[in-house]
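*Asks:* Below are the features I grabbed from TrEMBL:
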type	residues	note
ACT_SITE	D49	active site
ACT_SITE	C52	active site, nucleophile
ACT_SITE	H262	active site
SITE	E237	site 'Linear diubiquitin binding'
Amino acid sequence: YKLSVSPEMDIMEYCRKEWRGNTPVAKRMRKGYEAVAQKFASIRRIRGDNYCAFRATLFQALSQATQLPRWLQSEDFAMLPENLLSKYDWIKQWQLKQKPGKKMGEISDEIKEYLILLRKKWKNISEIKDPLEKQEACDKLFKNEEEEYSLYEALKFLMLSTAIELYNTDKSGRRVPVFSWLLFARDTSSNPCQLMQNHLNHIGHSGGLEQVEMFLLAYALQYTIQVYRLYKYSTDEFITLYPNDPEEDWPVVTLITEDDRHYNIPVRMCQETML
């Protein structure tokens with residue numbers, strides 16, 4: 001049995017265990033971890049399948065949630081699969097992780113269930129006042145594999161919906177964030193249909209999130225994802241924000257990566273940082 005989010009461990013202890021040598025890379029990683037340790041006391045390792053960016057982001061968002069985000073409160077939130085499917089027939093090629101090969105026409109109800117589950121879990125956890133209890137509820141959710149993967153399906157679908165919205169906004173001549181151009185400038189995703197077929201359908205199966213998709217995830221959740229990119233220590237990309245010009249009222253979650261492929265999470269802000 002593999003833990004999705006392992007128990008917390010002292011950040012510098014973790015670093016000493018992982019990066020012992022005297023190579024330039026090991027030295028840089030140690031420096032990076034030292035910088036993170038100025039702000040956070042502990043680290044929790046995230047299970048390393050191709051969902052780790054989703055897992056790390058969602059775990060952090062739920063751990064600190066105190067209310068239901070606006071977009072989760074909207075009346076027609078659960079109708080998203082139905083509404084999109086009525087306009088874009090190609091969404092029928094959506095691939096569900098648990099049910100590869102099932103046609104989207106048959107699974108729009110299932111995606112609807114996943115969206116409702118996301119709203120329910122977010123609501124329940126955000127209503128817990130006691131921090132310890134909240135943490136326990138998050139730990140419990142991320143031990144339930146079926147629910148956990150259902151939530152990732154919901155996130156992927158929200159990313160598709162956001163991508164369609166950005167694409168249409170751009171086509172109608174209105175302003176879109178820069179990452180949206182980059183997203184659709186790739187040969188493999190020049191429109192939302194290709195994005196789904198060549199990227200979103202593969203997340204969790206054969207690949208994780210690419211950097212430009214981290215922006216899309218941030219936009220879909222309306223969260224700022226702040227990432228300590230340890231291999232970029234001492235460059236101006238050491239702390240990267242997705243999106244890099246976030247809305248002021250978006251909450252912030254913090255992740256750590258050594259290579260832009262796998263993500264862990266820092267926890268327990270040091271007292272002086274909180275003040």
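Quick reminder: no glycine exception, Cβ is built from N, Cα and C everywhere.
TrEMBL does not curate its annotations; it predicts them automatically.
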*Asks:* Within 10 Å of the Cβ of E237 (site 'Linear diubiquitin binding'), how many other Cβ atoms can you find? Include all protein chains, please.
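*Replies:* There are 10 of them.
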*Asks:* Let me know how many other Cβ atoms fall within 10 Å of the Cβ of H262 (active site).
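*Replies:* Taking all protein chains shown, H262 (active site) has 18 Cβ neighbours within 10 Å.
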*Asks:* Find the one among the recorded positions D49, C52, E237 whose C-alpha lies closest to that of H262 (active site).
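*Replies:* Closest by Cα: C52.
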*Asks:* Do me a favour and check the Cα-Cα span between E237 (site 'Linear diubiquitin binding') and D49 (active site); whole Å is fine.
*Replies:* 25
*Asks:* Starting from the Cβ of C52 (active site, nucleophile), draw a 10 Å sphere and report how many other Cβ atoms land inside it.
*Replies:* 23
*Asks:* For D49 (active site), which residues of its chain lie six or more apart in sequence with Cβ-Cβ distance below 8 Å?
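*Replies:* Within the chain, D49 (active site) has Cβ neighbours under 8 Å at G204.
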